[in-house]
Amino acid sequence: MAASAPAFPQGPVASRGGMTGRRRRNLIAGYAFLIPNLLGVLAFSLFPIATTIYLTFHEWNLSDTPVFNGLQNFVLMAGDSLFWKTLGNTFYYTFVAVPVAVFLAFWLALLLDRKMRGVLSFRVIYFLPHVTLTVAASIIWAWIFQAEFGLINWALSKINVDGPYWLTDSRWAMISIIIMSNWKGIGYAMLIFLAGLQGIPPELLDAATVDGANGWRKLRHVKVPLLTPTIFFILTTSFIGAFQAFDQFMIMTNGGPAFATTPLVLYIYRNGFAYFKMGYATSMAAILFLCILAITLFQWSVARRWVYGFDMDN
Amino acid sequence: MNTISTEAVQGRPAAGLGAGTSPMGTERSRLLGNLGSWGLLSLGGIIMLVPFLWMVLMSFKSLDEVYTFPPQILPNQFLFSNYAEVWDQVPVARFFSNSATVAISATLGVLLTSSLGGYSFARIDYPGRNTIFLLYLSTMMIPFAVIMIPLFVQMRMLGWINSLYALIVPGLFSAWGTFLMRQFMMGIPKELEEAAEIDGCGHFRIYSTIIMPLCKPVLATLAIFTFMGFWNDFLWPLIVISSRDLKTLPLGLAGFQQKVALNTPWHLVMALAVVSVLPILLIFIIGQKYYVRGIVTSGLKGAA
């Protein structure tokens with residue numbers, strides 16, 4: 001092979017020499033551009049992931065040396081009723097808040113997807129809560145839900161309803177937080193739906209009109225099918241987000257009453273930073289990750305049954 | 001009644017026969033539809049705005065006016081002094097400057113590292129690139145809540161607990177930002193830089209004089225997203241910051257509300273809330289276009 005090289009005419013050899021020079025330059029430049037970023041990702045993403053794996057097999061109170069305890073963390077977890085309770089809370093919150101938000105956001109986007117006066121201001125108004133600090137929004141809503149002086153119970157008293165003690169009643173606390181979270185999050189989903197709706201080629205809708213489709217049928221047979229990829233995107237990202245919700249629980253109820261609104265993330269936080277059970281907390285975080293992963297994978301696996309064009313992409 | 005029936009009758013045949021008869025009916029039903037949605041949207045819009053309004057009004061009330069039932073909508077007198085009082089009770093200026101320091105430095109860092117990394121992924125061809133890119137994509141899937149404890153341990157090893165470094169340094173790198181920059185840079189025609197290459201420009205020249213100027217819109221999007229993310233962040237500062245003078249606004253606000261659990265001065269809490277929300281709302285309203293575009297592209301990228 002090496003011997004055959006000189007047999008080639010000069011041109012290709014010269015250009016090949018040029019190529020290697022260029023390749024080397026590209027290699028150096030490629031990594032030089034990437035290095036700062038790559039180091040950061042290695043240090044602050046991959047290293048913590050490695051630490052997570054290490055800590056799940058150890059017991060550690062942060063000051064002494066970690067003690068290897070095999071799968072003891074997971075055995076403890078299985079018998080920890082609060083772990084199950086808080087995991088259940090996380091599921092309850094996620095599977096109620098997300099579908100409601102997606103449904104409402106979808107209708108909102110349909111209403112906003114028309115040419116009329118004030119439509120732009122509406123978009124901004126519905127989006128404002130999304131850019132507000134969650135902490136500030138939680139504080140405002142904590143007062144709105146306040147049982148004796150809050151706005152909601154005042155409004156209810158106007159129609160002769162005795163409002164509940166929202167945030168301190170274990171039957172209502174989670175619902176209150178879901179209401180607040182959807183108030184805050186709906187604008188984001190709405191905006192993405194709106195972009196999806198406006199991406200539908202007008203010819204398709206015109207064709208449907210010519211075929212005699214009314215508003216409902218256009219929605220059912222043109223808009224919804226074409227928006228399924230958008231719905232899929234919003235569902236997957238919202239589920240991932242909802243599983244990690246923390247701020248509003250911490251501020252509005254601090255997890256109470258009687259753990260009724262303690263999501264798993266808050267329980268992990270307490271175990272880590274109040275009880276200093278670093279190994280145990282990390283193990284629960286690993287379970288949280290597996291839950292998120294399982295739900296995401298499940299959504300991907302059923303996507304081709306209902307998401308338009310899902311097969312074609314892959 | 002009338003309109004609905006004309007619409008139903010006209011809808012089908014008219015559409016097929018031509019535009020002659022239909023515009024009247026469809027126009028009228030369109031207007032009615034607009035009116036209906038306008039009503040619904042206004043109702044929803046009020047629900048969206050009332051909490052903000054209530055926050056602002058409460059921030060001007062006296063504590064007695066806060067604790068009244070039925071609630072008093074307007075304060076008897078707008079007490080601007082509430083804001084001065086908050087300033088006396090908590091170091092608002094410190095919170096503010098901490099938040100600004102963290103958000104601005106992290107944003108600048110992300111813009112730099114993400115654009116460099118994005119350039120490398122999008123416009124330089126070298127062995128190992130695609131593997132590393134996949135690695136980036138996979139780190140994007142790790143939720144923060146999952147690595148917060150190891151990250152805390154790491155900050156502790158570095159001696160950064162209770163220091164703004166813990167808030168800034170891990171934030172200087174963003175897999176998502178790199179991804180966003182890469183996607184945008186992939187769309188820039190190759191010919192643009194080939195001409196520059198013939199002129200003997202190296203990659204850094206091409207990056208700084210050709211590609212970056214073209215990336216202004218996506219840089220603006222990334223900047224707004226990053227800034228807002230850091231400005232609003234609560235959980236991570238809560239974990240690594242404890243001394244009062246290092247708190248960011250969300251942390252200071254939460255601490256102010258919880259510290260005085262029994263007799264919370266709600267009027268003052270709301271004043272601090274207004275102070276913390278106002279800048280971010282202003283930035284959003286100014287940078288709306290880029291923010292919305294960022295959401296839309298990230299949404300459609302995932303969807304398409």
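The backbone N, Cα and C atoms fix where each Cβ goes, and this holds for glycine too.
Residues annotated as domain 'ABC transmembrane type-1' in TrEMBL: B:96-287.
Taken from TrEMBL, the feature region 'Disordered' applies to B:1-22.
Marked as transmembrane segment by TrEMBL: B:38-60 (among others). Away from its own ends, the transmembrane segment (B:38-60) comes close to residues 66, 73-75, 78-80, 82-83, 266-268, 270-271, 273-274, 277 of its chain (Cβ-Cβ under 8 Å, at least six residues beyond either end).
Proximity of distant same-chain residues to the transmembrane segment (B:100-121), defined by a Cβ-Cβ separation under 8 Å and at least 6 residues beyond the stretch ends, is recorded for 129, 132-133, 136, 164, 167-168, 171-174, 177-182, 184-185, 203, 207, 211-212, 215, 219, 222-223, 226-227, 230-231, 248. Taken from TrEMBL, the feature transmembrane segment applies to B:100-121 (among others).
Among residues of the same chain six or more beyond the transmembrane segment (B:133-153), those with a C-beta under 8 A of the stretch's C-beta atoms are 121, 161, 170, 175-176, 178-179, 182, 235-236, 239-240. Per TrEMBL, the feature transmembrane segment maps to B:133-153 (among others).
Annotated transmembrane segment per TrEMBL: B:159-180 (among others), in sequence order.
Annotation source TrEMBL lists transmembrane segment at B:218-239 (among others).
The transmembrane segment annotation in TrEMBL covers B:266-286 (among others).
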